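Only one structure is covered here, and it is reproduced in the block below.
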Amino acid sequence: MGNTIRAFVAFIPADRCQNYVARDLREMPLDRMVDLSGSQLRRFPVHVCSFQELVKLYLSDNRLNSLPPELGQLQNLQILALDFNNFKALPQVVCTLKQLCILYLGNNKLCDLPRELSLLQNLRTLWVEANYLTKLPEVVCELSLLKTLHAGSNALRLLPGQLQRLRELRTIWLSGNLLTDFPPVLLHMPFLEIIDVDRNSIRYFPSLAHLSSLKLVIYDHNPCRNAPKVAKGVRRVGRWAEETPEPDPRKARRYALAREESQEAQLPALPPLPPTNS
């Protein structure tokens, strides 16, 4: 359904697009997914909030800067994509969607995240890349089930020590930030499998050989004097990594992301909540 909508709205003027989308969505799709990506939306169609068994909602690549409080009716929602919009702050209503597992917030104008985000204790994947973050919000460290964190292309200079509380975290993407040192907290997270610090300003890498779960470290495009030491079998992408020609770090990242997304598609079986009569 989402692809069909995008194909049509590409030819519809922006001032008429909102009305078209509203008319098109008369009832909840059988797959419990609504994809309004690239629909030129300035306002979220409130009547979608009546689809109380909705599981996936994609609002990527629109012009949204707010969401209605009625969104809180979607208590079965597990995936919410708000990337490529105009949000300067995360709408509080998002923090009421307690079954969310995957939240995409990349390519907005976020400078921080609200404390209420800690209410999303089912969150496994959080993407906040390409925002205006100068520090990683400490509330992220309270998301105890988080497995994947993508915070690349911000202005991060360090990571909070509390990050090591996230014992389920397996993948952290920090490319394109302002790190001048390898984040010390990552040295105390032996369960990490993928670390990406590509395109930072790191001059020296400590040994990562003790990180027993590590599978891939991407450290290219840093002014480093050495390659990070890793355990046997760990793949490195960056200067001095191997004697053989090193792979393209972008391809390595895309491969890892594709692998993660295939795993994310297997959402945990959360029981649907009964619809309310409100």
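Positions of Cβ are set from backbone N, Cα and C atoms, glycine also.
Sequence annotations record features per position, and here Swiss-Prot assigns repeat 'LRR 1' to 30-51. Secondary structure by DSSP for the repeat 'LRR 1' (30-51): 5 helix, 3 strand, 14 coil.
What Swiss-Prot lists as repeat 'LRR 2' is 52-74. Same-chain neighbours of the repeat 'LRR 2' (52-74): 2, 28, 32-44, 46, 80-88, 91, 93-94, 96-97, 104, 267, 272-273, 275-276, 278, counting only residues six or more beyond its ends whose CB sits under 8 Å from a CB of the stretch.
The repeat 'LRR 3' annotation in Swiss-Prot covers 76-97. For the repeat 'LRR 3' (76-97), the list of distant contacts is 32, 37, 52-69, 103-114, 116-117, 119-120, 122, 127, 267, 270, 272-273: same-chain residues at least six beyond its ends, Cβ to Cβ under 8 Å.
For the repeat 'LRR 4' (98-121), the DSSP-based tally of helix, strand and coil residues reads 5 helix, 3 strand, 16 coil. The feature repeat 'LRR 4' is assigned by Swiss-Prot to 98-121.
Positions annotated as repeat 'LRR 5' by Swiss-Prot: 123-143. Per-residue pLDDT, averaged across the repeat 'LRR 5' (123-143), gives 98.
Per Swiss-Prot, the feature repeat 'LRR 6' maps to 144-166.
The feature compositional bias 'Basic and acidic residues' is assigned by Swiss-Prot to 239-250.
Residues or ranges marked as region 'Disordered' by Swiss-Prot: 239-278.
Taken from Swiss-Prot, the feature compositional bias 'Pro residues' covers 269-278.
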Surrounding residues of the repeat 'LRR 5' (123-143) on its own chain - C-beta under 8 Å, 6+ positions past either end: 83, 100-115, 117, 149-160, 162-163, 165-166, 168, 173, 260, 264, 268
DSSP helix/strand/coil residue counts for the repeat 'LRR 5' (123-143): 5 helix, 3 strand, 13 coil
